[in-house]
Amino acid sequence: MPIDQRPRPAVWPTSRPALLWVVTFLAAGSGCAKNEYAPPPPPEVTVATPVEKTLRRTLSFTGTTSPIERVEIRARVSGFVDRADFVDGSDVKAGDLLYVIDPRPFEAKVRQAEASQQLAEARLESANAEVVRARSEANNAEAQLARGERAAQGGAVTEGELDDLRTARDAAFAAGHAAQAMVASAEAEIAAAKAQVEQTRLDLGYTQVVTPIDGRVGESLVDVGNLVGTSEPTHLTTVVRYDPIYAYFTISEAQLLKWIGDKQAGDAVDNPARQATGNFPLQLSLGNEEGYPHDGVLDYADLSVDQSSGTFLVRGRFENPERTIPPGAFVRIRAELEEKPAMLVDERAVGRDQGGAYVLVVVEQDGKQVVDRRNVTLGESHEGMQVIETGLQPSERVVVNGLQRARPGAVVRPRVAAAQTAAGAPGDQTPGDPMPGDPAAGEHEAGEQDAGESAPQPAAQ
């Protein structure tokens, strides 16, 4: 039987469940066409205008302390150490005894030198007596020659006898000169003997090893009984004085120029006489201290900038009566310069990246509040605030909170900082009020409804 190949008309389902499914689908499609996407409101950030105030400028440095005096105590004579008369780390005064080196060999040398001096003095006495005797004999020979010459005129003395008298006179004078030379030699021996006595007494004194300065003595480097000073002066211990104490630090060329720009500091750097008077103050702080509790003065400034490092060496002197500042410590040093107008922002507002330091500000563009970046030059910090040298205008609104929600070019809702830590004057706005031109102003006003009224809810779709 042949199959019917004619097309048949489409048959729509006529059952009730199928019709309900089709109606629901069409209704849903109609609803989706009316529900448009509503973007979220711009993120909220806190802004504040910079503070303008007069500050005393400061420069901060890091440095190291050094004792004002440091003496290595060394053995100046050779011998065995008899005793050590100090405790390691104790305070000492100039002249205090530290070590005793066996003095007996040096006492013997002193006695020997004194004996040599006495012998030289005896030789001098003998030489002086010889001079007297030679002078007497010379006078006698001169008188005999005179008598012989008178007798020769009468023929009583021959010419040969006169020659003998002349020879005797010359010999007497020569003996006198020899006696005088013996005196000079004896005097030289006495001088050498006295020098030897002085040297041996000096060496004997060196057996008493004392500290030449007030300070604190370090660890003893030799024990009693050791032989010291055989080939070179043996290092026994060290005494340091660190009241007052020095602090050395370097400043960069830029800091130096800023420093010299301050007349008081510039005079102190350039004028050694002013450095000596200590008129330029410095403050010092240890790593565990708050603020700068130690006062000092500029003590020394190097002659020129170090070309290899581009830095300038200076030194401060600080009183240290309690010895709370140890030598060799890393310290923070502050120099106060002249007062100058400054512009400050909250430290939280300052960001840093490869481009340098920057702050984010909110500007109005086409009726919108847009974030923009300002590259800035930073000064010193002051009580949680950061001095801005260049790159920012006093009237600009700086983002101080919500930085993670702000990026250059983004639209935001700025609000004035509640405790305007970076603002000069909050004006008539109350904390939390939107800034002028804020698109959220209407929302803010709408939110100030009676407490009994409910906030409007979005209509159910």
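Every residue, even glycine, has its Cβ placed from backbone N, Cα and C.
When TrEMBL is compared with the stretches 358-409, 410-461, the one noted as region 'Disordered' is 410-461. Feature coiled coil, per TrEMBL, maps to range 110-151 of the set 110-151, 194-235, 278-319.
Residues of the domain 'Multidrug resistance protein MdtA-like C-terminal permuted SH3' (342-405) grouped by DSSP class, helix first, strand second and coil last, total 6 helix, 43 strand, 15 coil.
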